[in-house]
Amino acid sequence: MKKNIWGLFALLLCFSLHAQESYNLVPKPAKLTPIQGKFTFQKNTVITISSKDDSFQAVANMLKEQLRVSTGLLLDVKSGAATSKGVVFVQNANLADEAYHLNVSAKKIEIQAKSGKGAFYALQTLFQLMPAQIYSQSASNETLTALACQIEDAPRYSYRGMMLDVGRYYFPVSFIKRFLDLMAVYKLNTFHWHLTEDQGWRIEIKKYPLLTSISSVRKETMVGHYRDQKFDNKPYGGFYTQEEIKEVIAYAAKKFITIIPEIEMPGHSQAVLAAYPELGCNPDKIYQVATKWGISEDVLCPREETFTFMENVLTEVMALFPGQYIHIGGDECPKKQWKESRFCQDLIKKLGLKDEHELQSYFIRRIDKFVTSKGKKLLGWDEILEGGLSPNAMVMSWRGTKGGIEAAKQNHDVVMSPNSYFYLDYYQADPKTQPLAIGGNLPLSKSYSFEPDLPELTTEEAKHIVGIQANVWTEYISTPAYAEYMTFPRALALAEISWSPKQTKDYDDFLRRVKGILPGMDALKINYCPVGLK
Ligand code: ACM
């Protein structure tokens, strides 16, 4: 008898381990109850939308389209009362905006959400319950199934972001769309588009055409390590027209991704000065678009003309981007030229400021006022905290978590993006085995170990941490393939920390599931770094 009990126990353990192993979901859902069996998509499977809310329609069509492209199966999408079989989308007004319930049984797949947004996330989970073929484009005729289970899911944080630096290198619209596609697969919802840099201005501004004819092109580019000081002697440039930007914004919206544009000021603006030297502290200087990496001393001078210029630029930017936040950079503005400038020193005196740091605060506060007056909110790197901000300004903490903690204590919303966890330009494995990168040491396990719920914050203060973000800085990343390699798999750590409940965090379990979704990542043709995964 005893032996039988142990045998039964072993069998149950085996079944439950097996069942667990099959659910390779990243990010991990808040609650999953395994069920035995599978749903099979067949010719006569019907997708029913049981909601008057139009937003479900687009998501139901995405399922139809994905099945058509991957297997050739063409399903009907209908509106009507919820049925007892097939795929059914049901509106559940009690759920939060991004939450969903997904019930898969042998007979039926039911997706409940408040609107298309939650249904979209349910769909991403459903695809992970299916064979990797669902991500392919081979119309393979394969019959696809989905593992049965009951899921109740909702994100931990509302801001789940990725930044791409297109200033150091320009990435074509086709890659931006792919980046958005891949973000959406893992339920990331905010794309921070770093559009301007010392080395290149990448957004068309109609009022200032020289920004694209001059500021978007550099005469050559640094190659290899910074210490080598070697250059390729080849002009390099690129920019997005406003029409392209609108196209990307519309594309992102279909994937429930908000785009935050970043226009850097007053530092990281050397490219602007190449076209408009009158905005610098040395108007007679011949500025050029930067050709090497690092922090440029050529910064904007806080003249009235500069404010007028930036307000005009931001007016066009705000007209394009429908999201509430406008990122104005604010980081790494060396004060050397302001110290040496008669104009700046006179302005400091006139305004009764202490020094150049307070002058920077004055700059940011003026821009903050302008952005706020237009009904938008200002977002900036943690340097913007020095000197007081409007209450609705948000801070992006990159120099560790200190700036974010301070901002939260001052009642500002915060996105945590600490460099030692989320700068995806850092090496993710032994540099000897990797392509050239900026430096650092940031393996997947380190990214995953970040915990945004910081002990320094009270429960009330912690509510200001709206989410986290990983940044792909591109000084050493000149191609889409390498950008993808540096982004994955570490973006999966970001996705899980920002989506899944804190109490389910477990690196070994995460790594097992990441290995489990490799076939899906292969089907999506993601050029991920395989170190530690294979
Ligand atoms: C930054 O890395 N300078 C935001």
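Keep in mind that glycine also has a Cβ here, set from the backbone N, Cα and C atoms.
Heads up, TrEMBL stuff is auto-annotated, nobody curated it.
Per TrEMBL, signal peptide is recorded for 1-19.
Using DSSP to sort the residues of the domain 'Beta-hexosaminidase bacterial type N-terminal' (23-154) gives these counts of helix, strand and coil: 34 helix, 45 strand, 53 coil. The feature domain 'Beta-hexosaminidase bacterial type N-terminal' is assigned by TrEMBL to 23-154.
Taken from TrEMBL, the feature domain 'Glycoside hydrolase family 20 catalytic' applies to 157-501.
If you look up TrEMBL, you'll see GLU332 marked as active site, proton donor. Here GLU332 (active site, proton donor) comes close to GLY267, HIS268, ILE295, TRP381, GLU383: these same-chain residues lie at least six apart in sequence, with C-beta atoms under 8 angstroms from its C-beta.
As a whole-number mean, the pLDDT of the domain 'Beta-hexosaminidase bacterial type N-terminal' (23-154) in this prediction is 97.
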